[in-house]
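According to TrEMBL:
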- 43-329: domain 'Histone deacetylase' (DOMAIN)
- D114, G164, Y319: substrate binding site (BINDING)
- H156: active site, proton acceptor (ACT_SITE)
- D191, H193, D280: divalent metal cation binding site (BINDING)
Amino acid sequence: ETVLCIRGGGGHGSDETINAYSHMPHSNIRFYVVFLSTPGAGHPMKPHRLSLTHSLVLHYGLYKKMMVFKPYKASQHDMCRFHSEDYIDFLQKVSPNNMQGFTKSLNAFNVGDDCPVFPGLFEFCSRYTGASLQGATQLNHKICDIAINWAGGLHHAKKFEASGFCYVNDIVISILELLKYHPRVLYIDIDIHHGDGVQEAFYLTDRVMTVSFHKYGNYFFPGTGDMYEVGAESGRYYCLNVPLRDGIDDQSYRHLFQPVIKQVVDFYQPTCVVLQCGADSLGCDRLGCFNLSIRGHGDCVEFVKSFKIPLLVLGGGGYTVRNVARCWYVYHFTAQFTINHQKRKIENQNSRQYLEQIRQTVFESLKMLNHAPSVQIHDVPSDLLSYERPDETFKTHLCTLQQDCKKKKKVKNGGKEIIYCTFLHYVSI
């Protein structure tokens, strides 16, 4: 169980740089790697890919540039900043040996098929969520410029249930922590699947802008992410979706990604960015249908880093294990080495006219933004990463089904009525 810390030179003000993919000067990079003795080898998210990523780092000698220490373990309190107490309590108690006694809960919390129970489930959730939280806290205190946790990025998990191989939404929890210090957080998702859990969480606020590039249509999971899902109430137009068709290649993806993200950054002026880097958008992924190369995928990360805004980089999907490890390794460490990935050619169904239509629709939505929303000055809440926390203190931050939350909203979205809960009372934002 390790957390790896990579520091580029002497941090701020240093001319020394790490041999990183982007050669970003004056950067201080933290790289978290989470291992468990029981990683749930049968789970579709294939935690073994994290070990392979770390092996590449070790075997190329990059560990010499790292500090190794134990990761923070997220507690139930930490997870309940977003999730309901009942759901997190269930995750902590259920195991393969006793799941027969949790039949009702398994159905209620959507745990079973896509989200199976495996040995060490809660431990794994605690580790990857804790690493993401630790990265967010260090960004808040300007200890680093970039924090990386490949075990994180589980963007489908909802407040009351698991979804799409995701149990605890470390992204939402980390963004809530970032909002203590940052007036505006930009979330970018380049996983092939729509980042529905994060979008749903922040659908009603302008404090977080969500941008997702994903496959949409033909009943592709999760079935959300149409370009006309733009947010609601104070969050209207602060949600951008870029729905793509099968077979998109590097050139087409770049043609959309770079101008869209540049416009978003110019309009929204985020003070921190969270980037979900699901590798299932690579060509030859078992569950994917895009034609992106490792280089094309990495170009997205490089472009986001070029803005030199504090950045939390997270993993996500990716189901061809060797390709995922190569991809995540390459993002930051290919200055000297060459790594190839398995390729498969799929017909690019994204015509020039279709891509231009998406661009124009996205740009029209951006014109509706009130540029960078301001935030009133307030006292900064205490840091989440304290190891002794009285229960009563955190109960004031919880919003569960059992509590009468006056900020619940019912919003019709794509024909469905979804109950949202704004987070304005979680972190005093």
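Cβ atoms here come from the backbone N, Cα and C positions, even for glycine.
Between the CA atoms of D114 (substrate binding site) and H156 (active site, proton acceptor) there is a gap of 11 Å. Here H156 (active site, proton acceptor) is positioned 9 angstrom away from H193 (divalent metal cation binding site), judged by their C-alpha atoms. Distance from the CA of H156 (active site, proton acceptor) to the CA of G164 (substrate binding site) is 6 Å. If you take the Cα of D191 (divalent metal cation binding site) and the Cα of the residue listed as 'active site, proton acceptor', they are about 11 angstrom apart, rounded to a whole number. In this view, G164 (substrate binding site) is surrounded by 21 other Cβ atoms within 10 Å of its Cβ, with every protein chain counted. Taking a C-beta cut-off of under 8 angstroms and a sequence separation of 6 or more, H156 (active site, proton acceptor) has the following same-chain neighbours: S163, G164, F165, C166, N169, H193, G195, D196, G197, P222. Around D114 (substrate binding site), a 10 Å sphere centred on its CB holds 14 further CB atoms from the protein chains shown. All chains included, 27 other C-beta atoms sit within 10 angstroms of the C-beta of H193 (divalent metal cation binding site).
In the three-state DSSP assignment, the secondary structure recorded for D114 (substrate binding site) is coil.
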